[in-house]
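Undergrad: Dumping what Swiss-Prot says about this protein:
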DOMAIN    8-253  domain 'ABC transporter'
BINDING   Gly40, Ser41, Ser42, Gly43, Ser44, Gly45, Lys46, Ser47  ATP binding site
Amino acid sequence: MDATQPTLVAEDVHKNFGTLEILKGISLTANKGDVVSIIGSSGSGKSTFLRCMNFLETPNKGRIAVGQEEVVVKTDAAGRLIGVDRKKIERMRMQLGMVFQSFNLWGHMTVLQNVMEGPLHVLKQPKGEVRDRAMDFLDKVGIANKHAAYPSQLSGGQQQRVSIARALAMQPSALLFDEPTSALDPELVGEVLKVIRKLAEEGRTMVVVTHEMGFARDVSSKVLFLEKGQIEEQGTPQEVFQNPTSPRCRAFLSSVL
């Protein structure tokens, strides 16, 4: 990937569910090493926007670019993509590691098997190489000692760390986190945020939908505040948290900080 080229671009993204307009033409650019946090009230469109970036939700309009691959979205009356190469979308998805709030691990596989699955069967990489790298990523997230366990034997925080290792194993250009701590007991939140902070320090490109304001303030290079499907405020953490210009953003922050 060209070092001068943005890692991820979402431009003028619109999304409707029936007659309800969820996203009203919002844009984001993440350059290499950026950590972009998306904050806002529940129902503001944060997760929908994130899911549109890798086509888990199909935008009704917009442009998504990952490295040198891009899709300019056109849809029919039913909201289905038209004139788009599905293989291009698959190539884009492989460059975006996704971490969900609900872990989404395969319950019938061990921790190690979960992390190896994508590189083995999607990337078709050699098993020995995949296993070694999977153990390295499990070690990175502090859970290599649980490689033979099954997800049901782990705490929520441990399961989420496995899902982060699984995303890393695909060696993506960027990581997308959809409220990665919201399903966790409060005492387990810290262990997951510690891993994500470590990834930020390594220079990984990340887009994080989060309710953890301290994390967004301390780790982000850029913060977006969404309100009713629009970007109401954006800037550096200092600009957004210390000197927001939007009354709605000020009200939101005063209620959560």
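One is the number of the first residue shown, and numbering goes on along the chain from there.
Using N, Cα and C of the backbone, Cβ positions are placed for all residues, glycine too.
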Undergrad: Determine the minimum-neighbour residue: among Ser41, Ser42, Ser44, Ser47, listed as binding-site residues, which Cβ has the fewest other Cβ atoms within 10 angstroms?
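TA: So among Ser41, Ser42, Ser44, Ser47, the binding-site residues given, the one with the fewest Cβ atoms within 10 Å is Ser42.
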Undergrad: Does DSSP give Gly40 (ATP binding site) helix, strand or coil?
TA: strand
Undergrad: Around the ATP site formed by Gly40, Ser41, Ser42, Gly43, Ser44, Gly45, Lys46, Ser47, which additional residues qualify by having Cβ within 8 Å of the site's Cβ center?
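TA: Near the ATP site, beyond Gly40, Ser41, Ser42, Gly43, Ser44, Gly45, Lys46, Ser47, sit Leu226.
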Undergrad: Taking each of the binding-site residues Gly40, Gly43, Gly45, Lys46 in turn and counting other Cβ atoms within 10 Å of its Cβ, which one has the fewest?
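TA: Candidates: the binding-site residues Gly40, Gly43, Gly45, Lys46. Fewest Cβ atoms within 10 Å: Gly43.
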Undergrad: Suppose you look only at the domain 'ABC transporter' (8-253); what would the mean pLDDT be?
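TA: A mean pLDDT of 95 is what the predicted model shows over the domain 'ABC transporter' (8-253).
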